[in-house]
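Copied over from TrEMBL:
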- HIS221: active site, proton acceptor (ACT_SITE)
- CYS229, CYS232, CYS253, CYS256: Zn(2+) binding site (BINDING)
- 91-353: domain 'Deacetylase sirtuin-type' (DOMAIN)
- 1-20: signal peptide (SIGNAL)
Amino acid sequence: MARWVRPALCALRLWGPAGWRSLYTEVRDVPGKGHQGPSPGRTDAVAASLWGVRKASCAVGLAALNSGITGGRRPVSSSASASSIFGSGGNGKEKLFLQDLAELIRAGACRKAVVMVGAGVSTPSGIPDFRSPRSGLYSNLQRYDLPYPEAIFELTFFHHNPKPFFALAKELHPGSYRPNVIHYFLRLLHDKGLLLRLYTQNIDGLERAAGIPASKLVEAHGSFASATCTVCRRPFPGKDVWDEVMVDRIPRCPVCTGIVKPDIVFFGETLPQRFLLHVVDFPMADVLLILGTSLEVEPFASLSEAVRSSVPRLLINRDLVGPFAWRPRSRDVVQLGDMVHSVERLVELLGWTEELRDLMRQEAEKLNGRDR
């Protein structure tokens, strides 16, 4: 049985024929399935199923279910159900190192890479951690008398005082920061036809700025590319919000005067419907790359265990985190320390150094042209 059939049947059980057809539209053009290029996103029929995932017997994992489809901290215990749902595959026993993984990719043994990234990927671009007292962004937000930094992403506080959130949004305006070598490495994966999907926790839009198409992205915590009125739910393009935010105005709906909120996932909100693509993406993956994330926020964190046990997993991070710390697999590869140095080392082992430099030079020229 093809390794994607089992999760496909799971999706059918969860969402019914209509939901499955929408999911199928998204994934049918994955390399090796007979079509070229991804289809436009058509997961509208799946939206209603998000609320039903909690009750589904075909579950991603107990930890993810307990938090529904909303964000939350990862518990100490892990879920064994993810591997049973997504397929366990063979059990590779040999220990892998970074060079071994690079050789597998070069040899064409890994051609469907799923990537998970977090805030550590954007730090080299100069984006500060708004929770750090050492950052100027934190100081700017303190004038709004936040009870604690995370309140900026709580709906109750947002409705009481939306100014801190829009101050943060202005700081993250596209063009304020540029993609770095890590983003362009991921773009190169796409250009070479090796990127199945990129799952990001970041809301800075630097993956898009690096040229990775939206069809290859799952922005798990939302993005500024679109917005919605908090009262009448009317949708708006992200540009309408930026026009107001950049002149320090709270964006308002022209119909009902409600606050227009960018489609960023706040605490307790449902994740974007595209997040459901993980049901098919992860069992199809033949390599999993995890970069710059603490693997603490659910349900994103549980995805790190959703690939088959025979699939190599690479962690490039400052610290040892998640299952790499408390339940490692024999085919795990871990590179700790400076993110940029680790990615550059991988690129060197892949033999892509010159290609990456050329890509970054071309993209820098494009961005410089836009700034003029």
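Quick reminder: no glycine exception, Cβ is built from N, Cα and C everywhere.
All TrEMBL annotations are machine predictions without curation.
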HIS221 (active site, proton acceptor) versus CYS229 (Zn(2+) binding site) - Cα distance in angstrom: 18
Out of CYS229, CYS232, which has the highest number of nearby Cβ atoms, where nearby means within 10 Å of its Cβ, if these are the binding-site residues? CYS229
Compile a sequence-ordered list of residues in the same chain as CYS256 (Zn(2+) binding site), six or more apart from it, whose Cβ lies below 8 A from its Cβ; state 'none' when nothing qualifies. CYS229, VAL231, CYS232, ARG234
Integer Cα-Cα distance in angstrom, CYS253 (Zn(2+) binding site) to HIS221 (active site, proton acceptor): 23
In all the protein chains shown, the tally of other Cβ atoms within 10 Å of the Cβ of CYS253 (Zn(2+) binding site) is 19
Can you tell me the mean pLDDT for the domain 'Deacetylase sirtuin-type' (91-353)? 91
